[in-house]
Amino acid sequence: MPKHHDTWNTSMPRRSAASWVKDAKTANKPYARRFPYTNTFESYAVRYVTNCLAKKQVYIEGDNMDASKTLGMTSAISLAKPKPSDFEHTRELEDYLRQALMFEKDSELNHRFDVLRKLNALVTSWIKDVSINVKNMPPQIAETVGGKICTFGSYRLGVAGSGADIDALCVAPRHIERTDYFSSFYELLRNQPEVTEMRAVEEAFVPVIKMKYEGIEIDLLFARLALKEVHDSVDLRDDTILKNLDEKCVRSLNGCRVTDEILRQVPNRESFRLALRAIKLWAKRHGVYSNVLGYLGGVSWAMLVARTCQLYPNATASTLVEKFFLVFSKWTWPAPVYLKQPYDAKLGFKVWDPRVNVQDRFHLMPIITPAYPQQNSTFNTSQSTRAVMVEEFKAGLQITEDIMLGKATWDKLFQPPNFFNKYRHYLVVIAGARTAEDHLEWYGLVESKIRHLISSLEHNPAIKTVHINPATFTCCDPEYAQTPHSSWFLGVEFNKSENINIDLTNDINKFVEVVYKQSTYNKAYKEGMEVNCKYVKRKQLGQYLTQEVLDRYKPKAGEEGGQPRPIAHKRKSDPVSPDSPSTASPETTKKAKIDGESLPHQASLNGDDSNISMDEAYSTAAVPNLAPEINGNQQSLPLSS
């Protein structure tokens, strides 16, 4: 089959049924031969050639829908057709995205498909074995119960970039329990030589097995349907498939259901995909891509781009990117973003509705999933993270307007902001463990709780802004060189006030307490796991980050924020400047109080008259009844090393 008719090509032309049948006959096999599990994975669904003669056409997700059809909750803002300059801007945007590896190579696509094929074989084999050996099902019946792997997320949307992970769902019949999945199937995966870095997060809001399979990161969810057999023909988009399911299964199924519904709600899928690739790259470069830390995740960005497509159904991808920033820089949050009219299928599941659910009224940036049961995909968003995103939307609008006027090029839009030059004060959170395996689990737990630290700091009256950078870094401090660790940086801006002591001790202790309580509840804590939080001034960042990292975030000369103050790479043993906190000895820091009292040391705010009563580098306090007993003594919980 000619390469430009590849199922994975998002720009393939519409073809007649006769053309598809001719190619199939030439190959002497049905078109499904090249991608035999397309229906199973439901990634880029193609109706098989056997239906061509009856329907006189083949439907491909890459095709465009009728742009004149109204989609969304309101009519379109503009139906204007593209101008020649719009196509030129789109071509330039696509060229940039290809250079940025936002498109996969054919070899990567084939590798991903091969991995999914192997996973699908493992799932069907495992379900059959459990049916026979555990559920005492006759072999002839066990052969028919089925089971399959479905994909969702960026892979299913058709926007996976080079090196992207795969979100997948294991769908099983009703006699397969979640306990079977996290026991026997987990063991089956662990014994596969292709599987590395595997861990199960059974107690998560959406239970998941995380792993690398032949080097590809995979998040594998589980859902059992109330069906005795699960075949490839089962349509997960049907609301009745949710009958008699528990909430965890419904949440797991929602990934596939939401992704499919997003694609059904955009008028031009080709333009949608290219615009979404651009927005995903922009969000990652600008540090606003992380659902767990309170920014937006992949599905939320996809829904915002889809809403933009509904408002400008005839626009090219470059225009959609500009209009994306226009729409959401002016959006009156917390007004919700919908892709379609919400409805209640009356299956007993709670849907997002602030008129009924009191807690929904406090959501700050609601983006509502289009599939039943409708949920807010951004419930982690805080005042601080929303403020950061809105600021970035406004900056993106200014840049894209300049691009459309020929005053700038696309590379300016994707330049990282000057995060490490933007603030004078930072907090660094460091999560460490003794082994790489322990750190993999500890890292995820600590990261999932950082939003609690952000929320606590937001309520501190002395703090004006908290800005978390979702990127993780390896500290260049020799103290951490020998053990696996990860660090996150929070930029902090304080309110200017006179003669006010700023005490961050309680905020830090609350965060540490949440982390250790969760690790105890999950039975995840192991000796050597630590979470440290330190106050660092901008000029002292060189103690923790390499010059290469700091240079990456420096603005170019002539840009806003250019010519930042130089950052000194001092070791902790070096003398500190007069306006910096002095380093306390371990004996002194043990006197730190938790209940609102100042630590034994205060810090000037670099020009402000306020004081911080959290130690720059050492601030240790024990939180009782949280850490397990080790060697007969309760381990203190280090807030700083």
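Every residue gets a Cβ built from N, Cα and C, even glycine.
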Annotated companion of Asp165, Asp167 at the Mg(2+) 2 site, TrEMBL, chosen from Asp106, Asp114, Asp219: Asp219
Local backbone state of Asp165 (Mg(2+) 1 binding site), from DSSP in three classes: coil
Mean of the pLDDT scores, which run from 0 to 100, over the domain 'Poly(A) polymerase RNA-binding' (418-474): 92
Spatial neighbours of Asp167 (Mg(2+) 1 binding site) among the binding-site residues Phe152, Ser154, Tyr289, Val299 [C-alpha, 10 Å]: Phe152, Ser154
Residue pair Tyr289 (ATP binding site), Asp165 (Mg(2+) 1 binding site) - Cα distance, angstrom, rounded: 15
Val299 (ATP binding site) - helix vs strand vs coil (DSSP): helix
Distance, Asp219 (ATP binding site) to Asp165 (Mg(2+) 1 binding site) (CA atoms, angstrom): 8
